[in-house]
Amino acid sequence: MLQQVNGHSLGSDAEGRASLKGDLREFLGGEIPLHQLDDLTKVNPVTLETVLRCLQARYTEDIFYTNAGCTLVALNPFKHVPQLYAPELMQEYHAAPQPQKLKPHIFTVGEQTYRNVKSLIEPVNQSIVVSGESGAGKTWTSRCLMKFYAVVAASPTSCENHKIAERIEQRILNSNPVMEAFGNACTLRNSNSSRFGKFIQLQLNRAQQMTGAAVQTYLLEKTRVACQASSERNFHIFYQICKGATKDERLQWHLPEGTAFSWLPNPESSLEEDCFEVTREAMLHLGIDTPTQNNIFKVLAGLLHLGNVHFVDSEDEALPCQVMDDTKVSVRTSALLLQLPEKMLLESMQIRTIKAGKQQQVFQKPCSRAECDTRRDCLAKLIYARLFDWLVSVINSSICADSKSWTAFIGLLDVYGFESFPNNSLEQLCINYANEKLQQHFVAHYLRAQQEEYEVEGLEWSFVNYQDNQTCLDLLEGSPISICSLINEECRLNRPSSAAQLQTRIESTLAGRPCLGHNKLSREPSFVVVHFAGPVRYHTAGLVEKNKDPVPPELTELLQQSQDPLLTMLFPANPEEKTQEELSGQSRAPALTVVSKFKASLEQLLQVLHNTTPHYIRCIKPNSQSQPQTFLQEEVLNQLEACGLVETIHISAAGFPIRVSHQNFIERYKLLRRLGPRMSSGLGGLEPAEGSSEQPLCAKEATLQPLLQDILHALPALIQTAATPSDPAKNTQIPLYCGRTKIFMTDSMLELLECGRAQMLEQCARCIQCGWRRHRLQKQEKQRRAAVLIQAAFRSWLTRKHIRRLHIAATVIKHAWHKWRIRMACLASKELDGMEEKPMPQAPGTLRSSMSPAHTRFLGAIIHLWPLGLVLANSADGVRGFQRKLVAHACLRLPSDRPSNKVQTPQQDQAGITSIRALPQGSIKFHCRKSPLQYADICPDPSASCVTGFNQILLESHRPVQV
């Protein structure tokens, strides 16, 4: 320990302890607000100890998530916290305008990736890398993120689409319990440890709705089926079928209660993962029907009985090993469940078939006891590995969407954490190698690449040292010689190789490598690799055999003869297919080893991650006993050192995680130019964020495009608008830096720009809507005016047409009236003045001869409608008294072609007056007698309303007189 404080050496250990206690009390006095620090970049000073204190203070307050710049630190609570993952909380983070301002949570990372896919300048797929030691909570974190995306990425409009989306989401969520049941197991460090790696692609369409998913798995630990370490368990599914099967199923699968199985250690322990009904229901939702499920569980029960088969050496070495008497029942039961011939099953494990020579002559050799056990284990591992791969393919076919229906994806990487056990073999070597590659991806993407980019873009940056694991990767996978290459070479040499020989070769060939060590106290052959998370000792015993992963052809041929429908599907009998050994024997091509295949799949995964925008979640395990409310500083400190969290905090506190090219920045945020005036001079008082250069915001403003300058000039107005009294920092600093080709900014600045852009888009949309409404109203007004004009013109035309018709009718009536008046006047004067003692019909006859029948009928119809006063007014002026009435009567009885309109002649009316003469001037003496005329005795009534007298005579005059 360095005994120096403020430049003064401490005189004694007592003074040092006193000073340390004083500093500790001072630190503890300020520990109260530590749990309120949501971001470790705000810790001052940023050291490993202060970060550790802050995490411990938050863990004590049941705050399990803390930001560390671009990384989220997640502490495993080792207890259920239902309110921390409630659906209401998911909706709260999804609906928040700025989720970064809420409490740190995995939902913040999930929402950030979802919004990046939704509104990213350059549409790039997103990925979330969940890393940490075994038991740190990676699987739980991935499961909660999948539930979060299932909630927020489902917003279809129609009811039918909503049902389809719900079905897809349910299938995606149901894939978790199935894969955990068949791929997870209880280990020394974790009760639900993932024994395989998986990368889940959540597929989104253009509307950011989840349309499907795809699962890719890596390196299933199939050796766990036949070999479990002390105090560990087999895969969960074996315990589920033994504990959850019904009585009928137990009889069908030959699993009586209390039966002990060699491959089922620690069956008395009860875990939450041993829920058989959840697994069966999830399989049913994924399209695996009940008969197929029963077939799967029957095969698994056959594997358990196969594990109870044990061999003993034969007395005669020329004879194969014999099965123990107490395990013969297990052979029979296993053959029955797998639907294999019992004899062939035993022979495939007891006898080895060898093909030699050019003619491929077949020889049979009895196997030793160890070889029989190895072939038995190989048969079980082969069946379980094929079954697991088939389940993954069924899950993908059930949840994967068509490639044309999705445009982007969010990847969730959940791999096994760093492992170090008392006995580490090839599985732990591959697992830790994968963690080294992921650590290098984080270092290369964030720690190294970000700082190098700052320097290239012209930012005045103080380089932060970090722990690089490239030397360890060179030891593991370097070219031309590395640990993996040496192990693969031992497999290709096809010679007996002992564990000590492999150890000697590794130590001698790779001597001098800084990350290679040796435990001199160990009696077993082994070598030590110093990983980024700590040194791990690997035993070389069985390392080469596991890397070869040989499958005897007899076992494959045996399984192809099974009558079980599932095994027939997993091992199709294809005569054209040749085994790996046959192909390698004929072509002499090197066989693919476990390390080679795993390395290839890992490179493919890293290439996918390289093409996405990564987000990191560091899961920390507070204690190795998985106890709640227990924070062991030493264990947490080792994990913080291993993952380089302090370096991450340093770079995040002073850096700009968001980088956008000038062109993309202009294309997306050119709307913000309207917020501020356009200027051609400097940017005034704008300064970069803390930790960057002291120069103005844009050091090379002359080379920038005018649009970019206008946008940068508008930023102060945008920040001033968003500033609040409680957040005065926004009034003084702009967390944005303009590099040579890119714009660098913080997450808060990006959120601010997006809010300003959304407001401008809203204003533009409002202007467009107003203009459209104005145009639509103006168009409607023009249409209304045109319609009114057309209606007025049409009504005017109709009116003129009607008036024209009335005018024509009036003209006709007027002409007819004038003709009638003239003729009546002429007729009356002739009758009165020049036609003495002439019969009255002459006038009608003359009129009839001068008028056409049509005019006569027309005038008759009109005259019959005339009132009597009009007739009398148009009669001769010299006629008075009774003669005037007779003239009127004669006028009304016009000539007509109808018989009823004929005027009686004087000969027909001899009893009345026979002529009308001009009265002589002077006194006249009338000699009266009783008149023979009809109605002569009726006196006209002067009342106009009474139809009596002469009016009655006139009305009835058209009727013929009955003689």
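Cβ atoms are placed via backbone N, Cα and C, with glycine included.
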Legend entry - Stated Swiss-Prot location of region 'Actin-binding', expressed as one of 27-49, 257-279, 602-624, 625-647: 602-624
Legend entry - Neighbour tally for T139 (ATP binding site), based on other Cβ positions within 10 Å of its Cβ: 24
Legend entry - In three-state DSSP terms, the structure that S134 (ATP binding site) belongs to: coil
Inset, instruction - Fewest other Cβ atoms within 10 Å: which of the binding-site residues E133, G135 wins that one? Let me know. - result: G135
Inset, instruction - Summarise the domain 'IQ 2' (783-812) by DSSP state, stating how many residues are helix, strand and coil. - result: 30 helix, 0 strand, 0 coil
Legend entry - Mapped DSSP class for T139 (ATP binding site), helix or strand or coil: helix
Inset, instruction - Write out how many residues of the domain 'IQ 1' (762-782) are helix, how many strand and how many coil, based on DSSP. - result: 21 helix, 0 strand, 0 coil
Inset, instruction - Around the recorded ATP site, report the further residues of that chain (criterion: Cβ within 8 Å of the mean position of the Cβ atoms of G132, E133, S134, G135, A136, G137, K138, T139; site residues excluded), sequence-ordered. - result: N76, N190, S193, G417, C619, K621
Inset, instruction - Write out how many residues of the region 'Actin-binding' (602-624) are helix, how many strand and how many coil, based on DSSP. - result: 9 helix, 8 strand, 6 coil
Inset, instruction - State the count of C-beta atoms found within 10 angstroms of the C-beta of G132 (ATP binding site), not counting that atom itself. - result: 25
